[in-house]
Amino acid sequence: MKHVFPTYKRFPIDLVNGTGTVVTDKNGKTYLDFTSGIAVCNLGHCPTNVAEAVQQQLGNIWHTSNLYECALQDSVAELIADGKERLVFFCNSGTESNEAALKLARKYTGKEKIITFEKSFHGRTFGSMSATGQAKIHQGFGELVPGFTYVPYNDIEAFRAEIDENTAAVMLEVIQAEGGVIPANAAFLLEVQLLCKKMGALLIIDEVQTGLGRTGTLYGFEQIGLDPDIFTLAKGLGNGLPIGAMVGKSDLISAFGPGSHGSTFGGNKLALAAAKEILLTMKQTGFLEEVNAKADYFRNLLEANLEVLDNVSDIRGGGFLIGIELENAAEPVITELRDKGLLILTAGTNVLRILPPLTVSYAEIDQAIYLLKSVLENQLIGSEEG
């Protein structure tokens with residue numbers, strides 16, 4: 001790729017076709033995709049109903065800008081609101097969703113201090129990068145946006161010591177996906193919510209990777225009983241088409257009037273056509289129940305087959321967002337699995353991150369378990385011989 005900035009460490013395969021969980025490279029080799037395009041293709045690759053919805057919209061109109069009313073935006077926003085008094089700002093990505101959330105929080109509260117957490121990841125544009133609690137993401141870019149502070153995740157005493165009446169917002173993930181697939185303790189999150197209310201700070205939950213069925217409910221925070229002031233979506237909202245959404249309680253409306261924020265392509269009709277069909281699918285009776293049944297099946301097999309291995313130190317996560325912490329580096333495991341036809345990711349140097357489509361079959365889960373076990377056993381033998 002001679003004409004593209006090398007901002008990504010790319011795997012040496014070029015994927016040209018995908019259906020469901022199966023993708024094919026330009027040489028005709030097939031793989032089970034347990035990355036879902038980094039938690040994007042929650043309904044699998046090229047789902048027929050989503051493709052048909054986009055195709056229909058392609059024949060009508062593609063783009064009008066946000067200078068005009070758009071019934072499709074309102075329809076999708078209503079589906080996202082899920083029966084609650086919520087308003088939506090549409091954009092194109094997760095980092096844009098988080099930027100919008102940060103702007104809204106500061107404008108509504110009139111305060112600047114924002115608390116996030118160590119090992120968090122919220123994006124790579126300046127505001128969301130400043131919110132990200134990882135020094136390696138900050139390196140080389142000079143002074144960050146002022147006003148951000150980071151505290152240890154799951155440490156309520158450290159958080160209690162940091163939050164005060166000058167805090168505009170607290171931004172967090174219910175599972176730190178990029179940071180190592182680290183779930184939050186429910187009691188910790190509930191106490192964070194209470195302290196936010198006490199101090200007049202807004203609670204922002206980044207659901208870019210955990211939302212839209214990935215962890216077993218439409219939004220990950222629902223499992224804990226949280227009621228965030230703002231939450232953010234992207235990734236699975238478009239199943240591969242670029243769309244993001246910042247979702248806020250309706251009483252925040254006074255801070256986001258005309259001119260306060262904008263996006264040329266945000267809420268474009270092609271992406272919205274996909275999002276509407278995706279949300280309708282996820283809200284079908286039995287859909288999430290089936291996702292949870294398969295996720296439980298997968299987790300049980302992972303624990304039964306991998307916990308006994310000496311090079312596996314932990315299996316954690318929720319739903320179809322799973323982390324496997326290894327005693328050794330994850331990269332050799334990723335490479336051998338790819339060679340054998342299974343695509344997964346890392347989350348740090350020694351954590352495997354597994355993100356199958358929510359539509360994965362039981363047979364595909366069985367095949368992935370077989371490959372994971374055999375490769376980890378091979379790696380263990382190799383390390384012992386070395």
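Each residue, glycine too, has its Cβ placed from N, Cα and C.
What Swiss-Prot says about this one:
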| type | residues | note |
| --- | --- | --- |
| BINDING | Gly94, Thr95, Phe121, Asp206, Glu207, Val208, Gln209, Thr264 | pyridoxal 5'-phosphate binding site |
| BINDING | Arg124, Ser263 | N(2)-acetyl-L-ornithine binding site |
| MOD_RES | Lys235 | N6-(pyridoxal phosphate)lysine |
Which of Gly94, Phe121, Thr264, all binding-site residues, has a Cβ with the fewest other Cβ atoms inside 10 Å: Thr264
Per DSSP, three-state class assigned to Glu207 (pyridoxal 5'-phosphate binding site): coil
For Thr95 (pyridoxal 5'-phosphate binding site), nearby residues of its own chain (Cβ under 8 Å, 6 or more apart in sequence): His122, Gly123, Arg124, Thr125, Ser128
Residue among recorded positions Arg124, Lys235 with least C-beta crowding, 10 angstrom cut-off: Arg124
CB contacts for Asp206 (pyridoxal 5'-phosphate binding site) [other CB atoms within 10 A, all chains]: 31
Separation of alpha carbons, Ser263 (N(2)-acetyl-L-ornithine binding site) and Asp206 (pyridoxal 5'-phosphate binding site) (Å): 19
Which of Gln209, Ser263, the listed binding-site residues, has fewest other Cβ atoms within 10 Å: Ser263
Annotated pyridoxal 5'-phosphate contacts Gly94, Thr95, Phe121, Asp206, Glu207, Val208, Gln209, Thr264, maximal Cα-Cα distance (Å, integer): 25
Cβ packing number for Val208 (pyridoxal 5'-phosphate binding site), 10 Å threshold: 31
Neighbour count (Cβ, 10 Å) for Glu207 (pyridoxal 5'-phosphate binding site): 29
Nearest-integer angstrom distance between the alpha carbons (Cα) of Phe121 (pyridoxal 5'-phosphate binding site) and the residue listed as 'N6-(pyridoxal phosphate)lysine': 14
Alpha-carbon distance [the residue listed as 'N6-(pyridoxal phosphate)lysine'; Thr264 (pyridoxal 5'-phosphate binding site)] in Å: 19
Ser263 (N(2)-acetyl-L-ornithine binding site) versus Gln209 (pyridoxal 5'-phosphate binding site) - Cα distance in angstrom: 22
